[in-house]
């Protein structure tokens, strides 16, 4: 955690200084390059159709699944262990974001007309970033705890307590907020528009935002991803090692499932978003400088799709509840068996009825 904190300070300081220097160099000819640009306007109609549809789905699934998961978590708080602190924070981060989705649905459904005020626009975008990087942070904490519990069980037995998890959670929130607070400094609308609510920033400040976004990607995503890959790579090696018969088979299956879920989360929700966000910002810079390409529109559309995928993280995170709560798994297994039994009885009844109908017809 200390290395992560140090990386945040160093990388952000480097990129902010680079941004200031870059801004001084381009500010004088910024407007002239924009006026001379002959690039075709990027078609943004796709966003107004795609994102509201995704947001509506994620809102209903996210609210129901996270409320249900948190309720189950709090009901069995003392029986789950120290990891429940991280899962609780994960659920809170998800709920803080999903409650803002109806406002974004209105924004895009009204053809990008924000009617809720500039301050609330920044709050809404802040909640998205808080959820995204809070999720990454707490998933990383869960990964480290799983790694310690499986690879070094004797070293950590009795040493990790709930208070340690609480302290780490506070540090995680501080690091996440430290990374996303600078985003509030940037304008979310153009000077000549009061109805826009950009997810990044206006074209007037794009030259400063790009290096900030790159530094943000390194500290908020790349470093946690590296930690998770190292931890779960080692965990997977230990769990699949035939020389480790002492590992409980149920725990082995659950940890392997957790590895799969986290891999899907990062591959589907996080990796495309961070790559395409920076690519889209770069294309906006190139357009202002008068450089054009047909690929810009494709990058923009791909970025909007990645935003929808990143939003799905709030609906997929509750899967983590299933892997830390035995009683939830037992209830789901009972429901599954009951459903299969009911379907079997129904199928048998239909078969009997068809046989009787055939006999009557003869």
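The chain as shown is numbered from 1 upward.
Each residue, glycine too, has its Cβ placed from N, Cα and C.
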From the ranges 33-53, 54-74, pick the one that TrEMBL records as transmembrane segment.
54-74
Transmembrane segment per TrEMBL: which of the ranges 160-181, 182-203 is that?
160-181
Given ranges 111-129, 130-148, the stretch to which TrEMBL attaches the annotation transmembrane segment:
130-148
